[in-house]
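Colleague: One structure, pasted below without further comment.
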Amino acid sequence: MKFTLIGNGRMGQQVAHIINNSSAHSIAAILDVDATITPEVFHGSDAIIDFTVRHAFLENLPAMVASGVPIVVGTTGWDDVQADVRQQIAAANTSLLYSANFSLGVNIFMRIVREAARMIEPFSHFDIALTEQHHTGKADFPSGTALRTAQMVLAANSRKTSIVRELADGNKLTPNELHVASLRLGTIFGKHSAFIDSETDDIEISHTAKSRSGFAAGAVEAAAWLALRHTTAPGFYTMDDFLDEKLGK
């Protein structure tokens with residue numbers, strides 16, 4: 001398959017490296033984040049892979065949608081306009097797959113945490129909290145992956161109804177609040193953890209990224225999946241949909 005890449009930063013370069021070393025895929029074009037995008041630039045591509053920034057993604061979205069080529073988006077920070085993006089995708093009868101993290105390992109981690117949160121729900125003496133660690137260059141916190149994991153915990157455990165990102169001096173957590181703590185240090189690629197605690201024992205579930213290659217490989221695999229899915233069932237997808245199909249659910 002042929003992919004057009006938008007964004008030539010660290011993730012974009014890693015995606016290009018994965019594709020260039022693949023016998024099954026090739027690069028149709030690599031577009032810089034500041035490039036002028038028209039629908040025509042995507043002709044001949046089986047899918048678009050976007051790793052840019054919020055403003056660039058939203059500015060380029062109309063051209064991507066108009067091209068009719070399925071879109072894979074790793075750009076984060078646009079959850080507040082996701083309803084509008086979904087509407088654009090539906091109106092054009094095209095396809096978009098979005099994930100804050102394409103690593104297969106971290107998506108498996110999130111499912112394990114969701115199941116753990118569900119299992120402790122009947123036992124009030126168990127509590128749960130999340131942490132995420134990244135390099136100092138990462139601007140957003142908590143990470144999109146941590147927030148997605150937190151949302152999955154809230155959906156699985158009715159005892160948790162809201163997310164707390166920071167604690168002000170003197171404030172205490174209430175039992176219904178899920179604490180999501182962030183750390184920025186050095187060159188950490190990314191570590192996400194769930195801590196489950198009780199008076200008698202504790203459980204820790206963690207995922208540690210060793211490099212960006214896992215994120216990039218997952219994005220390429222998701223793009224190939226979406227390109228095939230688009231022909232029969234266009235729509236807005238996430239890595240949950242990708243994994244559900246792979247797992248036969």
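Cβ coordinates are placed from backbone N, Cα and C, and glycine is handled just like the others.
Since this is a predicted model, take the numbers as computed values, not measurements.
Pulled these features from Swiss-Prot for this protein:
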BINDING   D32, G74, T75, T76, S99, A100, N101, F102  NAD(+) binding site
ACT_SITE  H134  active site, proton donor/acceptor
BINDING   H135, G144, T145  (S)-2,3,4,5-tetrahydrodipicolinate binding site
ACT_SITE  K138  active site, proton donor
Colleague: Provide the three-state secondary structure of T145 ((S)-2,3,4,5-tetrahydrodipicolinate binding site) computed with DSSP.
Modeller: helix
Colleague: Taking the residues D32, G74, T75, T76, S99, A100, N101, F102, which the record names as binding NAD(+), find the longest CA to CA distance and state it in Å to the nearest whole number.
Modeller: 21
Colleague: Below 8 Å Cβ to Cβ and six or more residues apart, same chain only. Which residues does that give for T76 (NAD(+) binding site)?
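Modeller: Correct list: R54, A100, D140, G144.
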Colleague: Measuring Cα to Cα, how far is T75 (NAD(+) binding site) from K138 (active site, proton donor) in Å?
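Modeller: Cα of T75 (NAD(+) binding site) to Cα of K138 (active site, proton donor) measures 13 Å after rounding.
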Colleague: I want to check the contact list for F102 (NAD(+) binding site): same chain, sequence separation of six or more, C-beta distance under 8 angstroms. What comes out?
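Modeller: Non-local contacts for F102 (NAD(+) binding site): G74, F215, A216, A217, G218, A219, E221, A222, M239.
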Colleague: Inside 8 A of the center formed by the CB atoms of H135, G144, T145, which other residues of the chain have their CB, for the recorded (S)-2,3,4,5-tetrahydrodipicolinate site?
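Modeller: Surrounding the site, in chain order, are T76, A100, N101, E132, H134, K138, D140, S143, A146, G190.
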Colleague: Just checking, which of T75, N101, T145 (binding-site residues) has the fewest C-beta atoms within 10 Å of its C-beta?
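Modeller: Each of the binding-site residues T75, N101, T145 was scored by Cβ atoms within 10 Å; lowest is T75.
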Colleague: I need the least crowded one of these binding-site residues (G74, G144), counting other C-beta atoms within 10 angstroms of each C-beta.
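Modeller: Across G74, G144, these binding-site residues, the one with fewest Cβ atoms within 10 Å is G144.
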Colleague: Would you mind ranking the recorded positions H135, K138 by how many other Cβ atoms sit within 10 Å of each Cβ and giving me the lowest?
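Modeller: Lowest Cβ count within 10 Å among the recorded positions (H135, K138) is H135.
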Colleague: Cβ distance under 8 Å to S99 (NAD(+) binding site), same chain, sequence separation 6 or more: which residues?
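Modeller: Residues satisfying the criterion: V73, G74, N107, G218, A219, A222, T238, M239.
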